[in-house]
Amino acid sequence: MAVRAGTLDHVISAAQFDRPLLDALFARATALEGTRGHSLTGRIMATLFYEPSTRTRLSFESAMLRLDGSVLGTEAAHVFSSAMKGETLEDTIRMVCAYADVIVLRHDREGAAAQAAVVATVPVINAGDGPGEHPTQSLLDLFTIERELGRIGGLHVAICGDLRFGRTARSLARLLALYDGVRISFVAPDVVQVGPDIRALLDDRHVPYQLSPRLDDVIGSADVVYQTRVQKERFTDPAEFERARGAIRIDAATMQRLPATSVVMHPLPRVDEIDPEVDSDPRAAYFRQAANGVALRMALLELLLA
Ligand code: NCD
């Protein structure tokens, strides 16, 4: 499950990536942008999704097809796969390894991808494990920051919304910690503030960060505002969800306080945390961000398979 001399076995956590690997991935993704090739001819990717997805699954499939690979898979795997009959994740993974050369797995349980990797004989890519991590999203997020702003080091990144259950926010913070001079503001109400594991990691790496309940406090100096959806499906206490929902919103008035050279990002889907009136602002980078997922995932699949 580790980085091996410039290559990877499984992709489970953002913690597996270092700067040389990120630089290589982003350079390859830039070269692959808008192209089609044959580097994965004859290879098969299986997508096994136990939770809903639009962008992650389709951009992985698009990436594989653009490199002349093939795809197979199942959505709603809790009901459409033999999980419904009581099959364990391990047994499902053992079988899918016989059908495909790489498995892209999304699961509602934290740790599911790591559990799958233990029995897998082909690379497993974590496409989201409950509130755990979503490493490939954070790769495309970082790739987007570099493309939009020309650098990552030295930036002030405001990560907003649901930082307790939002796996993309958690993975992004891990990757940002690799860059010199990055400063992070975690903007969220207490009930969904970032957890002690991420804070400990930032402390270890001496990355300056602050917690704030209001975007207004930090927006004037933010280079990137990374907004996220409140993960309604992960709350067991409806009262806690009510305290989190709508706490941080971005609308045209918010954009007036954001510097002219900064960008707003979001892993999507959005619900009501970014007003659609923001979409026409050139600093709204979230649709460009989603599009970047294809080239980034092409580069990643090549790294794992070619
Ligand atoms: C995110 C996810 O699934 O974690 N979506 C995505 O992959 N782009 C964010 C979310 O669901 O809010």
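Every residue gets a Cβ built from N, Cα and C, even glycine.
Now, the feature entries from TrEMBL:
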type	residues	note
DOMAIN	10-146	domain 'Aspartate/ornithine carbamoyltransferase carbamoyl-P binding'
DOMAIN	154-303	domain 'Aspartate/ornithine carbamoyltransferase Asp/Orn-binding'
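Within the domain 'Aspartate/ornithine carbamoyltransferase carbamoyl-P binding' (10-146), the DSSP-based counts of helix, strand and coil residues read 68 helix, 24 strand, 45 coil.
Mean pLDDT for the domain 'Aspartate/ornithine carbamoyltransferase Asp/Orn-binding' (154-303) in the predicted structure: 97.
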